[in-house]
Amino acid sequence: MIVYRLVMRSGPNAGQVYSLEKNEVFIGRDLANDIIVNDPEVSRRHLRLFLQGNQYCAEDLGSTNGSFVNGQRLAGPFNLQSGEFLTLGERINFAYEVVDTDATVVSLAAQPRQEQPPVAPAAHIPPPPPPFSTPEYQPAQPANVYEPVLPPDQGSWLDQAESGNPNLYQQQAPIPESGDYSGQIPQQPAAPAPSLFKRKLPNWALITIIVVAALVFLCLIFVVVDALNLYCSVFPKLVNVFVPGYCR
């Protein structure tokens, strides 16, 4: 059995399903329509659906805001296909659906029974290893202490001398007479101190020093003469040259 229906996707009754059971179905805002849509964008008698063959056709009835199928405005009767969208104005959207209930039931009954996958045998789990035991601490055994082997008793030195033992004097090696060199570092000869007067001053430096010393000496003489007023005692003629009659 084939079932035709409209499902409102957006509008005042979004989600409501309208079964199309008549050969002619009217949609609009007026209460006399088969499908009533209370929206100001919908005209009083907006759209007509009529059955032609095994499909419904949609026809706009001169509405103010128009009718659209998949976004295309209707200019005449249009043969609807299942899954297409029917729009009234801008906000009212319907989905046109054609459902074959017999095919749905048959398809569900014809589905093969899904066999459960065989359960894999449980994997063999090895027994847990024995708990780890800390070995008991064993103190380290002391190493064998080397014990020097003493030569057999050969008697005292005097007894060996009297018996004429030839090894008596070979056992005692002479001790070399040498100084104690432990910790001594040979000293390096001291480098000669650099001479302060190794470099000779140039001639111009000597002349400069002499001139400066002479000027300083003259300045000291002038200071002393001026302080004691000794112009006429030291330089009478020179003073009279510059100041006649000053020194008498």
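Glycine too: its Cβ is placed from the backbone N, Cα and C atoms.
Here is what TrEMBL says about this protein:
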DOMAIN    25-74  domain 'FHA'
REGION    111-138  region 'Disordered'
COMPBIAS  118-133  compositional bias 'Pro residues'
TRANSMEM  204-225  transmembrane segment
Practice problem: Check the domain 'FHA' (25-74) for me and report the mean pLDDT. | Solution: 94
Practice problem: Could you put numbers on the helix, strand and coil content of the domain 'FHA' (25-74), residue by residue per DSSP? | Solution: 0 helix, 23 strand, 27 coil
